[in-house]
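Chemist: The structure is given below, and queries will be raised subsequently.
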Amino acid sequence: MLATWTPDQELNKVRLRSGADMKRKLTWYDLVALGVGGMLGVGVFVTTGPVARKTSGPSVFISYIIAAVSALLSSLCYTEFSVDVPVAGGAFSYLRVTFGEFVGYFAGANILMEYVLSNAAVSRSFTEYLSCAFGRNDPNSWRIHAHGLMQGYNMLDFPAVALIIVLTICLCHSTKESSMLNLIMTAFHVVFFGFIIIAGFCNGKVENLVKPGGIAPYGVRGILDGAAIVYFSYIGYDTVSTMAEEIKNPSKTLPLGIVGSVLIVSALYCLMALSLCLLLPYNMIPEGASFSAVFELMGWKWASNVVGVGASLGIVASLLVAMLGQARYLCVIGRARLVPSWFAKVHPTTGTPLNATIVLGK
């Protein structure tokens, strides 16, 4: 339980258990795009609306600032570790080298569970925004009601399942091609972000930030509780550290990728949250598909469809990055033989952890 490994052993002896090496094809801009793509789709489109309405009120943008500071400090730690131990295991490998097998496994298993559960939640949000993009107001319009199942678990989401299958196939094929797909989707997604921010600042009202109840209707406690919830949005930066075995010149590329993506996303998150609260009073913001619904309430039906398309792209990008990271966590846990070593195998042709990717995709 307390056995530790040296960085040299992790880089050489343990990595050989995968049978083949992952291919080093990624550059610094691939990492920045992966970090931005991994974080953007989750935070704004899934957590902002509910947090603004129930937890923080208009001060949700302050919650994002607090969460951003915390994420930045954490990302600096990841940067230092990833340069010293450039392997695909992320936090699992860093803790295993420092504190031993048990602590590493405990953290790795929790992170893996976080990825799997958050991917399930985000893939269901994809269906909601995709239906908005096609002009459907009911978020359950593309889901199938299963009679006999418990309320809350009886809406079967086949579009989300289909999306996960398609992304799993892409990730099995090639990491570089998956990264290029993410880069394209993220570029379009940032353009949509710019549209929403400009629309919010040009058409919103400052009075919506203070009515009703002031800028912080739930007090300091609400702001801090909101920060704890929206921190969920920043999990993408640790995914970047799991790409350490697949990038060129890790010592220079990793700091740029991790810290750069956190700074870019933090700025976008704060501006997006602020624009949402400028458009409507916090107590009128819908909890589901918040941004699309807000534009629809304003009478901008076309803008609601545009936001639905942009959000769908962002959610696909964030899912792609999260699934990329979770497979590498499971692969390295398999190398440590804390789960069956079959999960550690890297395909010699594609250079991807094929077994781990397929199992987690299922």
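Note: Cβ is positioned from N, Cα and C throughout, glycine not excepted.
When I checked TrEMBL for this same protein, it listed these features:
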type	residues	note
TRANSMEM	26-49	transmembrane segment
TRANSMEM	61-81	transmembrane segment
TRANSMEM	152-171	transmembrane segment
TRANSMEM	183-206	transmembrane segment
TRANSMEM	218-237	transmembrane segment
TRANSMEM	258-282	transmembrane segment
TRANSMEM	302-325	transmembrane segment
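Explain the structural surroundings of these features, please.
Modeler: Within its own chain, the transmembrane segment (152-171) is flanked in space by residues 119-120, 123-124, 126-127, 130, 140, 142-146, 177-178, 181, 316, 319-320, 323-324, 327, 352, 357-358, 361-362, which lie at least six positions past its ends and keep a Cβ under 8 Å from the stretch.
Sequence-distant contacts of the transmembrane segment (183-206), counting only residues of its own chain at least 6 positions beyond either end whose CB sits under 8 Å from a CB of the stretch, comprise 29-30, 33, 36-37, 40-41, 44, 268, 271-272, 274-279, 291, 295, 298, 300, 303, 306-307, 309-311, 313-314, 316-317, 320.
Non-local neighbours of the transmembrane segment (218-237) in the same chain are 34-40, 42-44, 46-48, 51, 55-57, 59-60, 62-64, 66-68, 70-71, 74-75, 78, 114-115, 118, 258, 261-262, 265, 269, 318, 321-322; each lies 6+ residues outside the stretch with a CB under 8 Å from one of its CB atoms.
Long-range contacts of the transmembrane segment (302-325) within the same chain: residues 34-35, 37-42, 44-45, 90, 115, 118-119, 122-123, 125-126, 129-135, 163-164, 167-168, 170-171, 175, 178, 181-182, 185-186, 188-189, 191-193, 195-196, 199, 235-236, 238-239, 242-243, 289, 291-293, 295-296, 357, 360-361, each at least 6 residues beyond the stretch ends and with a Cβ under 8 Å from a Cβ of the stretch.
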